[in-house]
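According to Swiss-Prot:
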- 1-32: signal peptide (SIGNAL)
- 41-161: disulfide bond (DISULFID)
- 54-128: disulfide bond (DISULFID)
- 64: phosphothreonine (MOD_RES)
- 69: phosphoserine (MOD_RES)
- 82, 162, 178: heparin binding site (BINDING)
- 129: N-linked glycosylation site (CARBOHYD)
- 168: N-linked glycosylation site (CARBOHYD)
- 188: N-linked glycosylation site (CARBOHYD)
- 225: N-linked glycosylation site (CARBOHYD)
- 280-463: disulfide bond (DISULFID)
């Protein structure tokens, strides 16, 4: 849930609510209405009017870890889009590690690091001075070769097209962005134009001053509609008030089917062993099939389960019994993960995987501050003059919230969630490798061609009530 930090006022400064509200899933296509750009996916740099108030250019390109290793760029992919995808993956692992450090090892974690990155890129449109510099550095945007901060938005548009505008319709892909702005405020036209063209975020005026409660209900209803009722009443009473200037909302919904489904007839109750040594009952799915798999460093098992269409996969990382998942999480780097994925080979497997549903909701403010994004959240230091027409310097982000949802079952959707039938047809063939996720696992959902981490999390407690 959203805390009451939204819309607070400090030292006479007005706060902007950055609200990345997420339901697990793949992003939908970027669509822009009443835009001079007919199709952002085919547009050239000169076609997209990316002219924010301030531009940041680093003195030299900053290298990310392991960048010297050669990786093949996918066909028909702009090199800068590829670098942006890598930058997002570096941010993903760094942010995840900060978040995991703040949580108990028995807590489930789930988030969309790509969505957090995109939401703050939208905020970056209006940023200047050190606020802009920190946004570039924390989100690793400054690792993209010889490009300035304004061009990042063009590359984001192209990345979104590669990720979400696909011919494959075997998964349900829904995404929506929206800016809810105070109707008494005149917003910078360039900020509005770029937000709509690049990110599909239209501005909807609301009467924060005259009717804050109705504004809250309107935003909550919009979120509920865009997430098919999965996320409701996200913004609590009193969270929106007369001092609120802007609420930025991002929603994501995903519904995908396994390429190789688990038969419900093979699902049964088994024990799941949590990090604290306690055990609990889960519905354990089972199947025997060929999957991309590898036993990597220190006997950690890595398994890739494709969704229909093969362009999106779920990667499961299971440490050996003697090693905690927390240890693997802290050692993980984007280059290590890439190396593991490159080593996966088709293997005949016996897969035991819990059926589960996890939700996670948290403020990203503390983790981002620890990573160096400090000025944006400071009433005294924040510089966001490019958001409102008069170029005001009294805006800051009071807090930033993220909510994510993941459900895994035999179909890859909600179907047959309550059916438990006795085990049938389980093989005892000793020649087959076993992947048994009856203890905490790391979960990633990625786009294969660009190796973009779309979602990331930890299943530490999938237990049945």
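Glycine is no exception: its Cβ is also placed from the backbone N, Cα and C atoms.
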Integer Cα-Cα distance in angstrom, residue 188 (N-linked glycosylation site) to residue 129 (N-linked glycosylation site): 18
Integer Cα-Cα distance in angstrom, residue 161 (disulfide bond) to residue 225 (N-linked glycosylation site): 23
Max CA-CA distance, Å, over listed heparin-binding residues 82, 162, 178: 26
Cα-nearest neighbour of residue 41 (disulfide bond) within the listed recorded positions, 54, 82, 178: 82
Euclidean distance between Cα atoms of residue 129 (N-linked glycosylation site) and residue 178 (heparin binding site), Å: 26
Euclidean distance between Cα atoms of residue 82 (heparin binding site) and residue 128 (disulfide bond), Å: 26
Alpha-carbon distance [residue 225 (N-linked glycosylation site); residue 54 (disulfide bond)] in Å: 35
Among 129, 188, 225 [glycosylation sites], residue with fewest other Cβ within 10 Å: 225
Spatial neighbour of residue 162 (heparin binding site) that is closest, considering only the recorded positions 129, 225, 280, 463 and their CA atoms: 225
Residue from 82, 129, 225 whose C-alpha is spatially nearest that of residue 463 (disulfide bond), among the recorded positions: 225
Spatially closest candidate among 129, 225, 280, the listed recorded positions, to residue 82 (heparin binding site) (Cα to Cα): 129
